[in-house]
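Structure first, then comments.
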Amino acid sequence: MLVHIPNVLTAEDLAYCRKTLEESEWVDGKVTAGDQSAKAKHNLQIPQKSEVALELGDVILRALGQSALFTTVALPLRVFPPLFNRYDAGMQFRSHVDNAIRPLPETNFRIRTDVSSTLFLSDPEEYDGGELIIEDTYGSHSVKLPAGDLVLYPATSLHHVAPVTRGSRWASFFWTQSMVREDAKRTLLYNFDCSIIEVRKNLSDDHPAVLGLTATYHNLVREWAEL
Ligand SMILES: O=C(O)CCC(=O)C(=O)O
Ligand SMILES: [Fe+2]
């Protein structure tokens, strides 16, 4: 399931991220790529362990923590520290699938990448091209969002970033290990949750239908969650 979450970053957080990134040093993006994707990847990144990446990553993690939609869509167990990339004119990231397992920097932990995310830091008017194109069983989806908005998609998807032909596209990207590994199950839970929210607009919280649906939602999570 592909989900767009608007306004994950406030205007202040966005301005702070952009200003800090403007003053930072960028390196070749191949540093965090696997073997196949290194050949496909032509962009720049902020070094993963730099203070800037850690500091701005925390700004983003804090914002995600306040997003009920992120929680209900991703059902996060662990979120990889956000990374930052940039495509200037002529840069692109050809078709690839993200690595399944990623070591968490400075720890002995690894995460399984279930959900991939891009948080746009440039507005669509600032560049041409640079669409994130995601393939699924229903075809290709082209994503180009306002700065501060997030897209989540299954990490199992083939995807690419189209060549930027004018300007520069800046983004943060990261992966989430979900409590629910399968996209199909996460999609069912998300749709179920949205329907409960709709029902609660018309029925009181102690109505037997609300109680029953809420109990079933939690019991499905209990059935499917891996912690
Ligand atoms: O820049 C993006 O939107 C996606 C980046 C990407 O696919 C990756 O780094 O694996
Ligand atoms: Fe990717």
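Yeah, the Cβs are placed from backbone N, Cα and C, and that goes for glycine too.
All annotation found in TrEMBL is predicted automatically rather than curated by experts.
TrEMBL has this to say about the protein:
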type	residues	note
DOMAIN	78-178	domain 'Fe2OG dioxygenase'
BINDING	His96, Asp98, His159	Fe cation binding site
BINDING	Arg169	2-oxoglutarate binding site
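Sequence features, as recorded in TrEMBL, placed on the structure.
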residue : record                      : Cβ within 10 Å
His96   : Fe cation binding site      : 18
Asp98   : Fe cation binding site      : 17
His159  : Fe cation binding site      : 22
Arg169  : 2-oxoglutarate binding site : 27
Given the binding-site residues His96, Asp98, His159, state which is nearest to Arg169 (2-oxoglutarate binding site) when distance is taken between Cα atoms. His159
Residues close to Fe cation site centre defined by His96, Asp98, His159, Cβ within 8 Å: Ser37, Phe93, Ser95, Val97, Ser116, Ala155, Ser157, Leu158, His160
Per DSSP, what is the helix/strand/coil residue tally across the domain 'Fe2OG dioxygenase' (78-178)? 3 helix, 61 strand, 37 coil
I'd like to know the mean pLDDT over the domain 'Fe2OG dioxygenase' (78-178). 97
